[in-house]
Every structure is written in structure tokens, then in C-alpha cells.
Amino acid sequence: MGTLSVNQNKLQKRLRRLAGEAVADFNMIEEGDKVMVCLSGGKDSYTMLDVLMHLQKVAPIKFDIVAVNMDQKQPGFPEHVLPAYLKELGIEYHIVEKDTYSVVKELIPEGKTTCSLCSRLRRGTLYTFADEIGATKMALGHHRDDIVETFFLNMFFNGSLKAMPPKLRADDGRNVVIRPLAYCHEKDIQAYSDLKQFPIIPCNLCGSQENLQRQVVKDMLIDWERKTPGRTESIFRALQNVQPSQLADRNLFDFSNLRIDETAASRFVNVVNI
């Protein structure tokens, strides 16, 4: 890639700045961390690796990066692409081979979406591998739009108010997941991926499935954004401004013991009598 144009330079700086802010805001990376960057071969994970490698050069702390891809034995998966790319970058990398493709095809009926089971199997394998190599953080490439979409998916289909946190301790307690692109827009990531000409590997297992719930939600948000620009950004800000007393979750707020403040009542009476 040659010299960047003014707009391309702004795009690169914006992605680096937003990722840096997310890392700082949530204390994602600390001195001496070994960050396992999970690469799928898609635009998001390539961009994440690119941004983290820059951050590694300019950050005031020292941390290591190791790239990891999971070969799930999908038919037609180009096994040479990622090793060639990562060798050229000159960073440590591992290819974890596990045939989850056959498991998914066996358990999921034809025509049904495979994403949920596929991601669970992949996540479990990567958690185990992170522990094996001594990784202290596991970086995933989810961006701001993914987080907002997940919020609506959980609300519409699971009856819960939750999304994807920028930083998460896994249920096993052994892994901390970070999402450095949490503040980044998907459209910027797509533009940067096109600019850098990353060697994208399509997902043959689920990439062509129609009517996925996530795609329905994505289309809804795109339509909202078209009609009311800035709405998606406002929704993301709302996830950072939760007020438990204004919801109805008794586990988050103690409604049972909510009483009038007698001292406040007496102060009001005194003010009225003055």
C-alpha cells in the first residue's frame, strides 16, 4: 500500500484512536500481558490485529501479541492464506485444527442456522488453547455495531437486556476476553479492510445462510440510521448509561426496601414554613 490520501489517513487515525480509547477505558491490556488475537480471516479480526500491532509500538506499556486461527475443517478452507499473511507480518502465530464442521453438520438440521453452535464450539476450543499457551487476554474482533445488534437480539429473542461487554471474564474464570474495536464503526472497518486489501476468507458454513436473526436486526438498524442519522450511536451511548432504578430488575435495584426519605420530607416542611 502506497502513501495514504488525506481521507485514508483520517480513517486509519480514527480506528487507531477509537481502539486506543476502548483499551484505556476498560483497562483491556496491562503491562506484561500476552494477548491472543483470534483471527477468523474476516475484515474485523484483520483490522483488530493491524490496530493492536500499531498500539504495541506506541503504547507506554509492554505486551506480547500472538495470532491464533482455528481451522474448523470446512470444505474449501484455504489453509495457506493466514500462515502466509502472518509469516509476512513476522509475528508469532498458531493454527489450531479441530473438526467442528462435521459436528455442526451432524447436529444441526439442514436449513437451520449453524452460527450459535459453531461459535460455542470455537469459543470452547480457543479458551482451552489460550490457557495452554499462557495467554492473559483473548482479543475478539467485535465492533460497535455487533454490540448494538446483540443488544437487540437478546431483547427481542431472549427477553434480556444484555449485549457484548468490551471486557469479560469467561465463566471458567481462566480467560479474560477483550474487544478492542468496541468503539469502532463497521463501515470504517470495511473501508479500512478494502484499503489494506486484507486476504479475506469467507465463511462457507454460515456466510450464505438467509434470514439469520442477526441480519434482520442489522437491516432494521441500517433502516433506522438512514431515517434518523445518529440513532445507532445514541443506542450505544445508552449501553454506557444504565440507570437500574428506572428499570424493573429486582436483582439490580432494591425496590422492596424503597421508602420515603423522612428527613427529606421534614426538610421540605421546614422550607415551606419559612
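Placed from the backbone N, Cα and C atoms, the Cβ positions cover glycine too.
Predicted, not measured: the structure shown is a model, and the values here were computed from it.
Swiss-Prot lists CYS115, CYS118, CYS206 with the feature [4Fe-4S] cluster binding site. The annotation motif 'PP-loop motif' is assigned in Swiss-Prot to 40-45 on the grounds of sequence analysis.
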Restricting attention to the motif 'PP-loop motif' (40-45), give the mean pLDDT. 95
Using all protein chains in view, find how many other C-beta atoms are within 10 Å of the C-beta of CYS118 ([4Fe-4S] cluster binding site). 20
What kind of secondary structure is CYS118 ([4Fe-4S] cluster binding site) part of, going by DSSP in three states? helix
